[in-house]
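If you look up TrEMBL, you'll see B:12-33, B:128-150, B:171-190, B:210-233, B:272-294, B:314-340 marked as transmembrane segment. The feature domain 'ABC transmembrane type-1' is assigned by TrEMBL to B:124-337.
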Amino acid sequence: MSKRDIGFSSYLKDFLHNKIGLAGLIILVVLLIFTGIALSVPSHVYASWNNPAAWSEYPEHVPPAWLSIFYPNKYFTTVKLSPTNVSLYSPAKNLYISSITFEFNWSKTLPAYNVYFIISTNASPIEEVLYWTKPDGNTLQINIPSEEFNVPFDLTSIRNNILSYISSITGKTPNIVNSTVLSSALFNSPKSNLTLTEEGKYIVKVEIVSSKQINVSKANILLLGNSYGLMGTDYFGRPLDLGVLLGLPNALEIGALTSLVSVVVGIIVGGISGYLGGNKDSLIQWVTLVFLALPALPFLVAVSFVTQPSLELEALLIAFLSWPFYAIIARSMALSIKSNSYVEADKLLGIPSYRVFFTHFMPRLIPITVAYMALGVPAGILLAQTLAFLGIAPANIVTWGGILDAAETYQAQVNGWWWWVVFPGAMIVIVAIPFVLIGFAVERITLGER
Amino acid sequence: MGYGTYVAKKVLIYFSVLIATLTILYIFTFPVLQEVIAKSINFQVSQFAQSLLKNSHNLNTTQVQLSIEKYRETLIAAYGLNEPIINKYFIQMYNLLRFDFGTAYFIQAPSGSREVSAIIAYYLPNTILLFTTATIIFILIGTIIGLLSAKSRFWEKVIAIIAVIHSSIPTWWLGFVLIAALAYAVRIFPSGGMTSVPPPKNPFDYGLSVLYHMSLPLITIFIVNVGGFAYIVRSLVSSIMKEDFVITAKARGLPDSRILYRHVLRTASPSIATQAILAIAGSLGGSLTTEVVFEWPGVGLLTYIAITLNDLPVILGVTYVLTIVLLIGLFLGELIYGILDPRIKVGE
């Protein structure tokens, strides 16, 4: 033990003078601010995370948007177009035609990732036709199937017309039909056999034919980019930056709860065990060993089949398994405190043992308790995320482990979707680091520099 | 107390710990266990019925029904399903100690057996091969770095950084990233599995192939664990450095390295051994997911498959087996501790 004073304010002063500890504290404050932001996200966003339909207007498995800074020709973000002209005319009685025109300039060497049409009217149309005019004047006519009226739809919903256009130009139908292939038909020049993108002004006209007066309530075209947001999107188009943010509160909660319970229980059990000694110590050590021998991961997996654990229950189960580690440490600490001469002196003076425990043991155990509480948070977070990675997580919450599980399932590593693997995992590390730093700083202050 | 008495005492303690741990597992998994046993009985009855229908053509339907019912009742009695809970407990404990974990729902061992113990027996050696190799490597190198850091400021700084990494990186995630980088982007290492497909026939080539497939998981486990272990060694060593006998040795003018390796290391070795055993225990339990990422055909991958298939008997079996493996590890640790700690040998 160091010879410095025991007292809260002196610990705090030392802590604030410690660079490592201060750095940890600052990161923690930043994380708490983000937690506040995450908690203010409306609950329906959390609920829609596992619903793929909610993310259909987002580009699927695209890298982060900031890549466009490094590769301006290769990466671009989604462009939302508003109509430049909406006209309505009635060529005959009970026949109304609404024509919505969009115009945009395309100067990228790649076609848009996908094109999303959001057009809704008050009437149910008889017919809806799309005219896609390329810069060189070529016009592609696409008849929209009736089931797509008034519903946002993308290129895969209108693939038949586009495929016949592709085969009319290249002379063969493509083997793989995905949004990229379909989009290349809209953006690439027919002269180059649809391999080169045409740059210039595109005009898109949507004609809606109806028997009633048409009132267009919404008309937009999304030219989906091949990059999105800060962290890209996953296989379903879910933006990963949102997922990472939504995963923050529960990670912190489970880490804090686990560490609080397991460290307090462990230090009390271990401290008493080392303090009492003798047969009682042997008995407590035996109990500690029993819990130490339970393999955490399989045990939690097996138990989660009995009850579907909530977040709090999962934290308590993890704490139930991890307190022995702290008990072992606290016991050895207590043993070393016990060998000090002032403890022996108190015993000789006939001071009751509970008072000796509170005056000499607890004050010396509390700082180390704080240190291990901080160090215990990452352990809890890691175990909880590992469980989520195995597909065992409390229902209706977003976890980074769960996101990584999906990345594993959809073979993100094989497909080169590195952002899907790197960012959620890096968040586990980023959340763990401040606690580790704070724990190390407190440990160093209490045990003293060598 | 000699070493023999010490061992005998430890054997008793560890056996009682085993029983207590299995009891806790039993209490926590009681409801699913009943379900597992009921399904297992149904499976065995249906197998019995099939063989009966195939082999005995001279029986009429009532006789067949009767013998099937009789068989079901003997099975229910054998598993103690209709008995009081205390009897159920003893039957289950007896079965567990005999490594009888029941029949898997879906998973089969390569031999075709659906016995959970046979399935685990096939996968467990692979897990032990990977994790013991990894643990031995990181403990050896961790001890060396820990000792070096007790001497030099530079190594101390390095250790602090890698100890932070140790406490904050999930092994499976690092594995994930390394696979993406080193197996798919730059094709240096295989992406997963234990041998190349098809496995080489020649035993030497086979061993080489296993080593090649093991290298990336080994690197991953090493990176994550070496810092934490070195940090533990460093704090053990630096606390011993303050002891009187080290100061005396310094006063006698002995060279630093001699003090470090002869005096300090010898005193610290029992504690290092204990910490090493705890590290093995921790790494085995927590790194099972590493196998999932590397498709290493061990118990972890088996557990993952069992989770996706909802194959409860396998999950329960894995939990029991890992408890036993962990206890054996801790027990061996105590034995090593007994050998290294001079006080036990002398009989203090």
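For all residues, glycine too, the Cβ spot is worked out from N, Cα and C.
Remember, TrEMBL labels are computer predictions, not curated facts.
Given the structure is predicted, the values throughout are model-derived calculations rather than measurements.
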Beyond the flanks of the transmembrane segment (B:128-150) by at least 6 residues, Cβ under 8 Å: 156, 158-159, 214, 217-218, 221-222, 225-234, 236-238, 241, 260-261, 264-265, 272, 276, 279-280, 283-284, 287, 291, 296, 298, 325
Leading stretch by Cβ pairs under 8 Å, where the reference is the transmembrane segment (B:314-340) and the options are B:12-33, B:171-190, B:210-233: B:12-33
Surrounding residues of the transmembrane segment (B:210-233) on its own chain - C-beta under 8 Å, 6+ positions past either end: 129-131, 133-135, 137-139, 141-143, 145-147, 149, 159-167, 169, 171, 174-175, 178-179, 182-183, 189-190, 192-196, 268, 272, 275-276, 279, 283, 287, 290-291, 294, 296
